[in-house]
Amino acid sequence: MAGAQPGVHALQLKPVCVSDSLKKGTKFVKWEDDSTVVTPIILRTDPQGFFFYWTDQNKETELLDLSLVKDARCGKHAKAPKDPKLRELLDVGNIGRLEHRMITVVYGPDLVNISHLNLVAFQEEVAKEWTNEVFSLATNLLAQNMSRDAFLEKAYTKLKLQVTPEGRIPLKNIYRLFSADRKRVETALEACSLPSSRNDSIPQEDFTPEVYRVFLNNLCPRPEIDNIFSEFGAKSKPYLTVDQMMDFINLKQRDPRLNEILYPPLKQEQVQVLIEKYEPNNSLAKKGQISVDGFMRYLSGEENGVVSPEKLDLNEDMSQPLSHYFINSSHNTYLTAGQLAGNSSVEMYRQVLLSGCRCVELDCWKGRTAEEEPVITHGFTMTTEISFKEVIEAIAECAFKTSPFPILLSFENHVDSPKQQAKMAEYCRLIFGDALLMEPLDKYPLESGVPLPSPMDLMYKILVKNKKKSHKSSEGSGKKKLSEQASNTYSDSSSVFEPSSPGAGEADTESDDDDDDDDCKKSSMDEGTAGSEAMATEEMSNLVNYIQPVKFESFEISKKRNRSFEMSSFVETKGLEQLTKSPVEFVEYNKMQLSRIYPKGTRVDSSNYMPQLFWNAGCQMVALNFQTVDLAMQINMGMYEYNGKSGYRLKPEFMRRPDKHFDPFTEGIVDGIVANTLSVKIISGQFLSDKKVGTYVEVDMFGLPVDTRRKAFKTKTSQGNAVNPIWEEEPIVFKKVVLPSLACLRIAVYEEGGKFIGHRILPVQAIRPGYHYICLRNERNQPLMLPALFVYIEVKDYVPDTYADVIEALSNPIRYVNLMEQRAKQLAALTLEDEEEVKKEADPGETPSEAPSEARPTPAENGVNHTTSLTPKPPSQALHSQPAPGSVKAPAKTEDLIQSVLTEVEAQTIEELKQQKSFVKLQKKHYKEMKDLVKRHHKKTTDLIKEHTTKYNEIQNDYLRRRAALEKTAKKDNKKKSEPSSPDHVSSTIEQDLAALDAEMTQKLVDLKDKQQQQLLNLRQEQYYSEKYQKREHIKLLIQKLTDVAEECQNNQLKKLKEICEKEKKELKKKMDKKRQEKITEAKSKDKSQMEEEKTEMIRSYIQEVVQYIKRLEEAQSKRQEKLVEKHKEIRQQILDEKPKLQVELEQEYQDKFKRLPLEILEFVQEAMKGKISEDSNHSSAPPLMTSDSGKLNQKPPSSEELEGENPGKEFDTPL
């Protein structure tokens, strides 16, 4: 497969994550360069990380789009106030040094026009945290490649942040955001029951995300999506089932170039997860159904991006030699405008490196100030000068902020002062420190035949490309000096002297920037001032190792020298000349060595050549003017947007392998490279312009010369509609893309007058097929918030027309044979020969063996086979004819072959079905319900016992009080007894009263005990009735659930069976194809004419055999399916038969329980009574009857742990 990879890439990109401190906001002081006024603000970031916004003391909110942020700097790298008064204002009353609390946020629409947001934090830690977080958000690759839905959410967030001081959303902001058609906006607002006057405002709570979505649907209706939705099965019903959605994703959205083992099609469970994520109606989602609204959300969601996130991530092998990569390279990096006049800028080095460039150019000249500081400028022009030291500091600051891979510094050294060159070398050593690669790596010595180290080996390293000082004899040096002076007339190549030994650093005049064609005036103009370089001093020469510039002489000489550390630069005209004359040799040269291409000197406007020209030859450092955002620069940005924006892209395999030769001008398919076929249909656009204008779309393809098609397609211009134009035109088809790994598709949108709106550049290899939104970018490759195109893309491996019939016959032989039979019947009326054959076929007296004799091929004449019939044999003849060579003759063998691919499929048993997750989940739920029911009844029992205990205590207290009173009276009476006048009848009366009191107390306790016993019986009966009812319901639900589970599992098994059948057919074809190949191999040993005869016969017989075998296999598969379906019915019936059995068992169980219950309660109370009697006899003189009833029943209900320890089958759960 074209898209197959050795392994599945594990995505390393992190989604946007905004920290709490950024969401809550922090106090800062904002200051301006040109003002002494400072403004206290509260700085925040929205939860999605779209905007950076702040509120001042007047409650006014300002926004900064994080997609415009280039860098965030703090401490010594941040801007510091120059005005002493301003500095004093900022430093008042704050903790920590002012320099450590400074933050500068750099933002702008491009690399040249940048602005600064200057802030001061109140604490150093806060400054560091905000700097790191803001930079992380601004450079997040997933945020730069958001889904369509995320961009619409960004627009919504912008509206929610730009509110009035009262917290309301001004409608003028909505009109301004969707300004293309005011009337449409007004109608859409009214449809949402919102005010529509431009001067109105609405409360934030009235403009919810749901209302916003309805507003968008009214503003930009999408009938084309309704049509797609209907086309895929939602014609009679307002939804797609999970199976229909699965077919849509696997058949339309999946890349057919991917390996099916490493990247299998989505399964039903995975599609169900997607439906649950995007379907707003939960009841539909649970049924596995998705509405048109959910379908629209899926199409605009993160899973349906036009480019896979894996391609954005660092997914290429970074361990190959440096020469195997394209390297993002800049020309005259310091310039901000044209080549002849304008400003040079240190900031350009920062911006270029932050954008992903890995090779920058430094034009160094002698400083003419008293300090003798070297400068960087464009020599002999009106461009300004900048400090060399400041440039080195800027490079050190930003070298590895966005990519860890090596930086290449391309020095164009015109400094003829040894002292200043020494300063340059010293600055490089001191400022770069350990990052500067001073010595070659041990594994990669500077020797012939040794490849360059890899980007992985050189991570976080800076390499210098500069002339290397020679260590030859003084005579040689003298000659070289003369030559060097003469070389001032050269323009961009190297010296005429060639090193005499293979040692490193032998060519101080072997500049990559001297032109060997020095007498050619035009060439000199093309190549600029690079040839006037000064001699390298010892100090600068010592910095050079793996990138040693030499004069290019020929590809043959370079091959003989075989020095990977030597490289040459070519002005674009010279590079084009070499590419035209020796394309294959140029590709070979670039496999081992580096080459750098740069714009010709006549491009004074800083325009660019097309980099694709030189990528096609494998040139690594194709240097462009980054300050000019023309089409060439846009293609360059599109190229290096992928592989983690690392600045390195691995070249196609054929441009790396030493055993393969590649011609960039090839027009045919290259053996070993799978070409692609790409089809693009532009369906519609959304919010393309903020004006009411017509729009159109253009499609280009860039790649090898054979693949490149400029303005290959252009749609019609929509009539005054930029909100939702629909084109629905025929797709543009790129039939054969020879080298897809180096081809890119550009889709651009323009207003009717030709004004550029936006575009997108997509590598062919990374494009996902299917229905997708393409969110547009501006010229600087920054994402636009609202403009998008909706397209349908088909991409697949290319099949030549000549093989289309063979591919069709092999992939679907039955349909192919049926088609051949149909054609035979259509031709039968035109040929007498065919009529005779039909008559013979109808003749009952003809023997089967005679029929095929007429169709046998005659001996070959001059290598061409002749047969008696031009059409395939009718099926009746094919069935009765004798087996052709290579066919399976014996039926037993046929059955053996079929049995070898036929898989045994067993139906799931009831026990296996009961282990299904949904059934087990329901069982657990029922178990919990029964536990809760028992707990409730235990609580009622406890409450009842508490109530009776209280009543008992009251009776006992009353009894004790009355008894105490009587006993007190008895004591008094006893005293009186001692007096002679006291009557005896008083004491007898008191005894009677005490006896009566005891009798009354005993009766009350007996009554209370009887009442307690009855109430306990009632409670337990109530519990049993509840349990019985609940278990009866549980049986119904479990039987129903088991039935549903059985149906679902059986349906899935039948679906799986279809997949198994297809695999079995493929396996059968594979085995038969193996036999066919063996026979073809055998036939190769014979003479050519005989071999051709047998090969033709083999193909014919092979197709017939495959048809017969597949028919037999299908019969066997059909019997297997019938048997499985029968077994499924049997299992479902067994499940239904379980229900009455379980219900009878339940009835019997509770009849027994009810019978035993009164006796159990009585025994229980009596047992408790005995225990309590013995207890009370030791502690109290009161009658113990009531206390006995509170024995065993008056205990806490069992805990959930205790209940879980019980047998659920016996206590709470149903027998099922």
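Here the Cβ of each residue, glycine as well, is placed from N, Cα and C on the backbone.
Over in Swiss-Prot, the protein carries these features:
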LIPID     Cys17  S-palmitoyl cysteine
DOMAIN    316-467  domain 'PI-PLC X-box'
ACT_SITE  His331  active site
ACT_SITE  His378  active site
REGION    469-534  region 'Disordered'
COMPBIAS  491-501  compositional bias 'Low complexity'
DOMAIN    540-656  domain 'PI-PLC Y-box'
DOMAIN    656-784  domain 'C2'
REGION    834-891  region 'Disordered'
REGION    933-993  region 'Disordered'
REGION    1071-1095  region 'Disordered'
REGION    1172-1216  region 'Disordered'
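Around His378 (active site), a 10 Å sphere centred on its CB holds 23 further CB atoms from the protein chains shown.
Summarised as a single figure, the pLDDT of the domain 'C2' (656-784) averages 92. DSSP assigns the residue listed as 'S-palmitoyl cysteine' to coil, not to a helix or a strand. Residues of the region 'Disordered' (933-993) grouped by DSSP class, helix first, strand second and coil last, total 54 helix, 0 strand, 7 coil. The helix, strand and coil residue counts that DSSP assigns across the domain 'PI-PLC Y-box' (540-656) are 45 helix, 20 strand, 52 coil.
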